[in-house]
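Visitor: Below are the features I grabbed from Swiss-Prot:
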- ASP250: active site, proton acceptor (ACT_SITE)
- LYS272: active site, proton donor (ACT_SITE)
- PRO22, VAL23, PRO43, ALA44: NAD(+) binding site (BINDING)
- PRO227, GLY303, GLY304, ASP305, ILE308, THR333, ALA334, MET385, GLY414: S-adenosyl-L-methionine binding site (BINDING)
- 1-203: region 'Precorrin-2 dehydrogenase /sirohydrochlorin ferrochelatase' (REGION)
- 218-489: region 'Uroporphyrinogen-III C-methyltransferase' (REGION)
Amino acid sequence: MDFFPVFMRLKDRACLVVGGGPVALRKVSLLRKAHARVTVVSPALCPELAALKARDAIEHLPRGFEDADVDARVLVIAATDDEDLNRHVSELCTERCIPVNVVDQPELCGFITPSMIDRSPIQVAVSTGGSSPVLARLLRSRIESFIPAAYGRLAALVEGYRLKVKARIPDTELRRRFWERLLEGPVTELFMSGREDAARETLEKALETGLDTRDAGGEVFLVGAGPGDPDLLTFRALRLMQLADVVVYDNLVSPAIIELVRRDAEMIYAGKKRNLHTLPQEEINQLLVRLAKEGKRVLRLKGGDPFIFGRGGEEIDTLMQEGIPFQVVPGITAAAGCASFSGIPLTHRDYAQAVVFATGHLRDGSIDLNWKMLAQPRQTVVFYMGLLGLPIICRELMAHGVSPDMPMALVEQGTTQNQRVIVGTLASMPDLVKDYDVQPPTLIIVGEVVKLHERLKWFQPGTDHTVKSLFSSQGQVVEARSSTEGAEA
């Protein structure tokens, strides 16, 4: 270990920055975040530093560096493009035992400034010892994604209760366990979900009622898993997936996402395949209630977004009636994910000024929709769960005035490495789907925007599964074929 990691208190303490350019500005900004008293010595200042001087946020010595400038400084940073001057500042500070940093010259540094994650009062510093600042920034960005901004406010809450808890629990070991139980459970989760007042109430109650939070009731996390690609999960979704005691998941959640769930969590498959519901919806609702009443943290994991054809409303309605705490985490809905990964913008000023989401789910062999509304021009219609009802969808749209040549796309396993896009028309799509043995999950997009797929498609999976189609000058499909199978239709 070439550098010892340490955090310095610089509030109201005198620090010196040698240099007045953009590099010096970055260092001044860091010092000001720590509430240091900053003096800049430089014949000239960049506009941003000049603005700070104008409002007395920094002191400026408008001249060259002099040895006496380091007197009474607790920290010095050399940020000039004069290597001889930088070296002189370093040697001078070293002789006087003043911590010194020379930008981009680690061999001249008594200390280095790491790449930082600021969740004040929480701070995380990442350093490569000056060997690779770029790598340090990359590592910081990865770590940063796992530390929500609310952790800073949570730390401030804990700080506010430290003395009170210490007085109530004088034993060090018992006090540690108290904080562990709270921060690994209800207080943190309430805080992260924006219920900060409830978090304070829980903390107060824990202090008043025997200090034990193990009898706290469970909670349900209704989480949207997105369309399939794990990289499209939200930070909050991933955090709750790692926290859950039990997971109730559907068929539409991709295996790659299931792999990210906490390893020792109990897994309950709820099914939701067409006509094969392992658990009826009412039983799922009651299952969530029962598990939460057992004190478990229950992850209800759904493909896409739980409030878009996901029956999330039905589930939380039951939870509300039973008084079960819950939180809802939105996911990228299949329409947004599959369209984006297929190069099909759902709205476009030249083609569509509206987009409609509809369910293509069959009920008693038919699809009960407002077909007149869906047949309106200059809009895009997206059908969820429409594979089995595809012939009915095409027939009804044409019967209500939509041209048989209207472009149509079917996206299979969208956003994953197995994504396949079949492009045709209302007239041709039913036969194309038969030829390519399409399997769910699928999404259907109807509208002029589908014409843009061939030009805008950007996502190229490891194996090219795109079914290409060629449009005539009138927008009609004249040929469709799979690049993997060589079939034609």
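Each Cβ is built from the backbone N, Cα and C atoms, and glycine gets one as well.
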Visitor: Give the three-state DSSP assignment (helix, strand or coil) for GLY414 (S-adenosyl-L-methionine binding site).
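Guide: For GLY414 (S-adenosyl-L-methionine binding site) - judged by DSSP and reduced to three states - the answer is coil.
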Visitor: Determine the C-alpha span of the S-adenosyl-L-methionine site listed in the record, that is the greatest distance between any two of PRO227, GLY303, GLY304, ASP305, ILE308, THR333, ALA334, MET385, GLY414, in Å to the nearest whole number.
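Guide: Across PRO227, GLY303, GLY304, ASP305, ILE308, THR333, ALA334, MET385, GLY414, the widest Cα separation comes out at 17 Å.
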Visitor: Report the residues of the chain - excluding PRO227, GLY303, GLY304, ASP305, ILE308, THR333, ALA334, MET385, GLY414 - with C-beta within 8 Å of the mean position of the site's C-beta atoms, for the recorded S-adenosyl-L-methionine site, in sequence order.
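Guide: Leaving out the recorded residues gives GLY226, LEU252, PHE309, GLY310, GLY331, ILE332, ALA335, GLY337, CYS338, TYR384, LEU443.
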Visitor: Could you say which of the binding-site residues VAL23, ALA44, ILE308, ALA334 has its Cβ with the most other Cβ atoms inside 10 Å?
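Guide: Comparing the binding-site residues VAL23, ALA44, ILE308, ALA334, the most crowded Cβ belongs to ALA334.
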Visitor: Restricting to the region 'Uroporphyrinogen-III C-methyltransferase' (218-489), what is the model's mean pLDDT?
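Guide: Summing pLDDT over the region 'Uroporphyrinogen-III C-methyltransferase' (218-489) and dividing by its length gives 88.
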Visitor: Work out how many Å separate ILE308 (S-adenosyl-L-methionine binding site) and PRO43 (NAD(+) binding site) at their Cα atoms, rounded off.
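Guide: The Cα atom of ILE308 (S-adenosyl-L-methionine binding site) is 61 Å away from the Cα atom of PRO43 (NAD(+) binding site).
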Visitor: For the residue listed as 'active site, proton acceptor', what is the tally of other C-beta atoms lying within 10 angstroms of its C-beta?
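Guide: Excluding its own Cβ, the residue listed as 'active site, proton acceptor' sees 22 Cβ atoms within 10 Å.
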Visitor: How many neighbouring Cβ atoms, not counting its own, are there within 10 Å of the Cβ of PRO43 (NAD(+) binding site)?
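Guide: PRO43 (NAD(+) binding site): 10 neighbouring Cβ atoms within 10 Å.
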Visitor: Taking the Cβ of PRO227 (S-adenosyl-L-methionine binding site) as centre, how many other Cβ atoms lie within 10 Å?
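Guide: Other Cβ atoms within 10 Å of PRO227 (S-adenosyl-L-methionine binding site): 30.
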Visitor: Work through the binding-site residues one by one (PRO22, GLY304, GLY414) and point out the residue whose CB has the fewest other CB atoms within 10 angstroms.
Guide: PRO22
Visitor: With H, G and I counted as helix, E and B as strand and the rest as coil, say where DSSP puts PRO43 (NAD(+) binding site).
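Guide: In three-state terms, PRO43 (NAD(+) binding site) counts as coil.
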Visitor: Measuring Cα to Cα, tell me the gap between PRO227 (S-adenosyl-L-methionine binding site) and ASP250 (active site, proton acceptor) in whole angstrom.
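Guide: Cα of PRO227 (S-adenosyl-L-methionine binding site) to Cα of ASP250 (active site, proton acceptor) measures 12 Å after rounding.
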